[in-house]
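Asks: Attaching a single structure in C-alpha cells format; questions to follow.
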Protein chains: 6
Amino acid sequence: MRPSRRKPDEMRAIGFERGVSKHAEGSCLVKFGDTHILCTASLEERVPPWLRNSGRGWVTAEYGMLPRSTGDRMRREASSGKQGGRTLEIQRLIGRSLRAVVDLEALGEVQITVDCDVLQADGGTRTASITGGFIALHDCLAWMEVRSMTSVSKVLKDHVAAISCGLHDGEPVLDLDYLEDSAAGTDANFVMTGKGGIVEIQGTAEGEPFTDEQFSELMKLARKGIGRLVELQKMAIG
Amino acid sequence: MRPSRRKPDEMRAIGFERGVSKHAEGSCLVKFGDTHILCTASLEERVPPWLRNSGRGWVTAEYGMLPRSTGDRMRREASSGKQGGRTLEIQRLIGRSLRAVVDLEALGEVQITVDCDVLQADGGTRTASITGGFIALHDCLAWMEVRSMTSVSKVLKDHVAAISCGLHDGEPVLDLDYLEDSAAGTDANFVMTGKGGIVEIQGTAEGEPFTDEQFSELMKLARKGIGRLVELQKMAIG
Amino acid sequence: MRPSRRKPDEMRAIGFERGVSKHAEGSCLVKFGDTHILCTASLEERVPPWLRNSGRGWVTAEYGMLPRSTGDRMRREASSGKQGGRTLEIQRLIGRSLRAVVDLEALGEVQITVDCDVLQADGGTRTASITGGFIALHDCLAWMEVRSMTSVSKVLKDHVAAISCGLHDGEPVLDLDYLEDSAAGTDANFVMTGKGGIVEIQGTAEGEPFTDEQFSELMKLARKGIGRLVELQKMAIG
Amino acid sequence: MRPSRRKPDEMRAIGFERGVSKHAEGSCLVKFGDTHILCTASLEERVPPWLRNSGRGWVTAEYGMLPRSTGDRMRREASSGKQGGRTLEIQRLIGRSLRAVVDLEALGEVQITVDCDVLQADGGTRTASITGGFIALHDCLAWMEVRSMTSVSKVLKDHVAAISCGLHDGEPVLDLDYLEDSAAGTDANFVMTGKGGIVEIQGTAEGEPFTDEQFSELMKLARKGIGRLVELQKMAIG
Amino acid sequence: MRPSRRKPDEMRAIGFERGVSKHAEGSCLVKFGDTHILCTASLEERVPPWLRNSGRGWVTAEYGMLPRSTGDRMRREASSGKQGGRTLEIQRLIGRSLRAVVDLEALGEVQITVDCDVLQADGGTRTASITGGFIALHDCLAWMEVRSMTSVSKVLKDHVAAISCGLHDGEPVLDLDYLEDSAAGTDANFVMTGKGGIVEIQGTAEGEPFTDEQFSELMKLARKGIGRLVELQKMAIG
Amino acid sequence: MRPSRRKPDEMRAIGFERGVSKHAEGSCLVKFGDTHILCTASLEERVPPWLRNSGRGWVTAEYGMLPRSTGDRMRREASSGKQGGRTLEIQRLIGRSLRAVVDLEALGEVQITVDCDVLQADGGTRTASITGGFIALHDCLAWMEVRSMTSVSKVLKDHVAAISCGLHDGEPVLDLDYLEDSAAGTDANFVMTGKGGIVEIQGTAEGEPFTDEQFSELMKLARKGIGRLVELQKMAIG
C-alpha cells in the first residue's frame, strides 16, 4: 500500500482555478492535492536580445517557493541573493515544456513570462507548474485574441501537461506526494502533449539503479495520468 | 469624490482567512479590497546571535511581492540578487510593529518569523501585512500554547493594526487603494495598538508640504480605522 | 536631566563648513555636536531612464558610514557586497526630503546626487544629512547659476531641514545624541521647510506606545528646532 | 548521413589520460573526440553539515567551462558573479551519477569533490564529465587505499558512464558532437552502471515531440555505447 | 617644468592631524597636498581564523574612496556590490606595508584594522594611506600601552612610509599629483622603513618601457622623500 | 643550495605548446616546470565603451585557477560569487604587460582577450601567464593577418616576457617554484621587453626589508632570465 493509500494509478485531486489575478493577462491557481501553485502569464513587449527584429516571440518561465510553503521554513532566495540550482533547473524545464506547444513565429515579437509560485508544497511542484502554467498561458493568449493581437489556435499547437511517477517498494505508482517522493527508490517526471508526443523525460535512481522494464512501466502510468490531466485542462478551459 | 467612490472614512472590504497553510504554525490570508497578502508565522528554535542564552525570544518579518502581483510585472528579487530598499524598509516596519505588542521575555528563547507575501497588490500592502501578520502571529502562539510551550495571553500584550490615510484633493481619506495612493498629495501610515497607543507614524508629502492641522485630521481618521480593524481581528480570532 | 545635560529644547552645537571639497560642485561638512557628515552635491548630465527627454531633472541622495564612524567598527558595506536596509531607508528619505523643495522642471534635464558620508556618528545622522545636504545642493545650484545653467531662486522653492526628538523619561527632548537615542522610549524624526510645511514625519515607539498628546509635544519641539536650523542655514549661505 | 560522417552507432574516439594533476588525489583528462575535460578528485576531511558525526561520507561534483572552450568566448562565471542555471544543473547531475555507485557508509566521513573543467567543448560535456569523473574518483579511492584509508572495492559498487543520443533526420544516432546536437530534433542523455542498471535518463524534444518507439531506440543505442565506455574505463584503470 | 611647478625633488605640503576620530583607538587625517585621507586604526579581539589560539596578532587594512573624492563622481562600491580590483590591490599593499614593521608575536592575539578612506583625491592616495596609516597604527598601540595591553616599542620595529615617483618628460620627479600622474610616462611607488630598508617597489611603464638607470634615479628620489616623511612622522608623533 | 637544487640563475624547464585550442584564434599551453597554464587569445569585435568609434583597439586579460590546480583544493571563484583581490591584481598586470608591446592604433577597433587559466600551479603563475600569453596574442594576430585584418609586425612592437626572482637564504635566485617562493625572504616579479626595456617591477619584502644592492642583483638575474625567455619565444613562434 502506498503511503497516501491511493491506488497505484490514482492521482491526487486536481483543481484549476482560473482568473485568480486582477493584474495578469492569464492566471491559474493549480492544485495537485496539497500542492498549490499560483501561475500567472504576463505579456511583455520586449523580447530577449537574440530575437529582436526577428518577428518571433518567446515564452519563458520563472519558479519560486514561498519561504513557508514547505515543512521547515526555507531561506528566501531574494534574501540569500541568488536562485539556487534546483530553482533554475525547474524554471528552465517549465519554459522548455511550454515552448514545445507554442508556435513562436505565430506568436509574434512579444514575450510571455509564466511565473509559477508555490504557495504550498507537497511534492510534484514542477509537474503541477507545467500543467497549470499551460492554462495561464492559454488564458493570456485568449486575452490577446480578444484584443486582436493573436489567435489562440494558431499559436497553441497542442496541450501540454506533466506528471511524476516512481517506484514504491518496487511497485510503479503515479503522482507522488512529498512523503511518497521521499520514500521512492526511483523518481521520474514526464512531460507530454495532448496528442501523446513526449516532450521531456527525466528519470533518476535515488537508490538502486532501475531497469528498462521498470522504466517502461513508469512511462505507461505517466501516459495514463497525462491523458487525464489534458482532459481536465480541456474541461477547465471550456 | 475619491476615485474608489468610498466615503472619506470608509475602508475597503476587510477579510481574514485563518489556517490557510498546511505547514505554518500560524497563517492568515488577509484582504484589504484587492490587496491580498499571505501571512505565515514560522516557529524556529534558533534566535539571532545577540540573543543566544539570553532567555529572550525574537519576532521578525520578511516581505515579498510576487512578480505579477502588480499592474506591470516586476523583476523577481531572487533573480536580481537582492532585496530592494522598499522591501527592506517595509519588512523592518512590520517586524518593529509586531514586536511592539510582544513580551519577548515571556516568549522564551525562540524566534517567530512572519512572512508577508503579496499575492495581489492594490495599495496598502504594508498596513495589511501588519494587520494580517498579527493574526498569523497570534495563531502561532496559540499553536505553541496547545503544546504547553507558552501562553498567548502572557506573550501578546495587546492587538496591533495599521492603516494608511491621505489627502485627496485636500480632503483626508482613509485606506487608500493604488489609484488613490498615486493621486494623493500626502500619504501617511499609522500603526496603533488595541488600547489606542501609537506604535509608528510615517507621513510623507508627495507634492506640497502639509500642515499640523491636516496631519491631525489624518491621525483622527487613522484612529477610527484602526479601531475597526482591531474589532475585526477580535472577531476573526474568536 | 537628559544625559547630555542639555535643556529639553536645546540643540547641540551646529556647524556648516562650505566648500570643503576641491572637486564637488557643492559641498558642506555639517556638524551636529559630535556627528560629522561630509555632504557633496555632484552635477551629472545623465538622468534616470524614466526622465530621459522629459526636460525634467532629478535630485537623489546616497548615504554611507565610514567603518569606524561608530563606537564599534562596522563591516564596510562595499566589502559585504550590499547596502543594508537602514542605509537604503535613510538615503531614500534624504532624497525625498531634498526633492520636496526643488522644482525639477526648472532644474532642467540634469541630475544632482547628494552624497552624505558619515565621518563620525553620534546620533541624528539622517537629520544632519538632510540639513547639511541642503547646503551642498544650494551651492551646487549656485555653481550652475554662475555658469548660466540655472537660477537658484527658480529651482529652490524653500529651505528644508530636519531634526530628531524623543521622550526621555517621559519628557520631550530635542536633538538626541547617540546615548539619548538609545535610552529614549520614543524616537521621531521631522523634516520641515523654511515656511513651516511638513515634508516627512517618522515616529517610532521603541518601548511603550505613545499618545497623541506626547506626539504633539514632540512636533512642537521639532518645529522650534527646525526654525533655528533654517536660520543657521541662511546665515551659512549668506 | 550524420554530419560527423560516423555510423549511427559509432562513438567518437574516446581517451582517458590518468594522473595528469600533480596535486589531485585522482585525475583524468577525458576526451570524447574534440571534447576535452580535466577531471580531478579531491579528498577533503570536512563533510557537509548534515553528515557531521554520521560516519558517512559524501561525493560531490563541480563543473566549469574555460571562457574560450567554446566557439565564441563566453563570459567567465567568476566575473559575472554566479554560476548559471546550466552549470548548476550539470554539476548536480554529475554528483548524483557518481554517488549512484558509491557506498557512502563504506567511504567513511570524508568528502570527495570531483571537479570537471571543460578545456575544449564539442558537445557531450556532461556525459564525458561523468565518464571521466568516474576514473578520477576511482584513482582518488586507490590513493586512499594505498594509505589504508579505505578499500576501493568496498566503496565502489559498480562502474558508471554516460552517453548522449539523438534523432538526426529521424534516425537515432549515438554520441552527438556540437554540430549534431544543434541539428538534432531530440536529445537524450543516459547514465548507466557497468551492470546495466539505469541511473539517470534525460530526454528533451528540441522541436517535435518524440514517441515511445523512438525513445526505446535511443535507449538501445545508449546501452550499447555505455557498454563500450565501461570496457574502456576498465582498460584504462587496468 | 613639472605641471605643479614644484622642483623635481619637492614634495607637496604634508600634514598629519592626529586624534580626529572620537571613536577610533588611533586616527590620523593625512594630507599630501590636496590628497586628504582619513585613517583610523581599530582594535578588535577576534583574529583571522588561521591565527586563532596562535598567540600571534594581525594588522590589516581597508581602503575606500568617497564617491566624490574624485573629479567625476564614481559609483559607490557598496552600491555596485563589490570592491573593484584597484581597491583590493591597494588595501592589500597597505596591509603588507604596515605589517612589515610590526612584530605580530609581540602584538598578541588581537587584530588592528587600519581603514584608509579618501575624502579628497589628487594622486598618491596609496602612498599617503601607508604614511598616515602608520600614525593611526602607532596611536592605536599607544592607546593599548596606556591600558597595559602592549608596549609600542616592542610591537613597532621601525617606521614605514611611502612615496610615488615618475618620469615627467623624461625627468624623474617626486610625489606626483593627479595631473602629473596622468602625464607621467612611468609611475613607481616605493615603501621603505625608517632605517632605509625597502618593503615594496612597484614600477609601471605607462607608455614606453624604462631603463635600469631611470629606475635607479627614481629609487634615489624616493629614498630622499621617504626620509623626509619619516622625519615628519616622528615630529607628528612627538 | 636552493630547494629545487637548481643553480641560482637556472630556470625551470620552459615549454610552449601552440595551437592547443580548436576554437581560439591564438592559444598556447605554457609550462614553467610544474606550472602549467592554458593561454587563449580571443578576437572580439566589441571594444570597451570608452574606445567606441575611436579607431583604437584593446588588449585585456583574465586569469583563473582551476580549483585543484593547487595543493589544497580552493573554492571555485564562480561559486564564491566574485574574483578575489589576488585574481584581479594578476589579470590587471597581465593586461598592462601585453599592452606595453601592442600598438593599439594599428590594431584597429577590435578587442583581444587573453585568458590565462592555471591547470596546475607550482609558483610563478603570473610570470608564466605573461610569457605564454604573449605567444597566444601573437598567434591571434597571425590569424588575423592571414585574413588580411591586420599586420603582426605593425601591431606587435616588441616581445614581452616575465620572470620572478627572490632571495633564498640571502642569495638571489631565479624563477622561484612554490616551495622556494614560500621560503623566500623577498619576492620580485619583472616584466621586460625583448629590447630590454622594463615594463613592470614588483618587489615585496615578505620578512626583512631588502637593500638597494640586493634589489640590483635580483634585477640582473631577471634580465638574464627574460633574455632567455624571449629567445625561447622566438624559437617557438618560428
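Each residue, glycine too, has its Cβ placed from N, Cα and C.
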Asks: If TrEMBL says E:Gly124, E:Thr125, E:Arg126 bind phosphate, which of E:Arg76, E:Arg86, E:Arg99 does it name for the same site?
Replies: E:Arg86
Asks: Any idea which of the binding-site residues E:Arg86, E:Arg126 has the thinnest Cβ neighbourhood at 10 Å?
Replies: E:Arg86
Asks: With DSSP, how much of the domain 'Exoribonuclease phosphorolytic' (E:10-140) is helix, how much strand and how much coil, in residues?
Replies: 42 helix, 41 strand, 48 coil
Asks: What is the total of other Cβ atoms whose distance to the Cβ of E:Thr125 (phosphate binding site) is within 10 Å?
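Replies: If we count other Cβ atoms within 10 Å of E:Thr125 (phosphate binding site), we arrive at 25.
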Asks: For the phosphate site (E:Arg86, E:Gly124, E:Thr125, E:Arg126), what does the 8 A shell look like? I mean other same-chain residues with CB within 8 A of the CB centroid.
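Replies: The answer, listed by sequence position, is E:Tyr63, E:Ile90, E:Val118, E:Ala121, E:Gly123, E:Thr127, E:Ala128, E:Ser129.
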Asks: E:Gly124 (phosphate binding site) has how many other Cβ neighbours within 10 Å of its own Cβ?
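Replies: A count of 26.
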Asks: How many angstrom lie between the most widely spaced Cα atoms of the phosphate binders E:Arg86, E:Gly124, E:Thr125, E:Arg126?
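Replies: Largest Cα to Cα distance for the phosphate-binding set is 13 Å.
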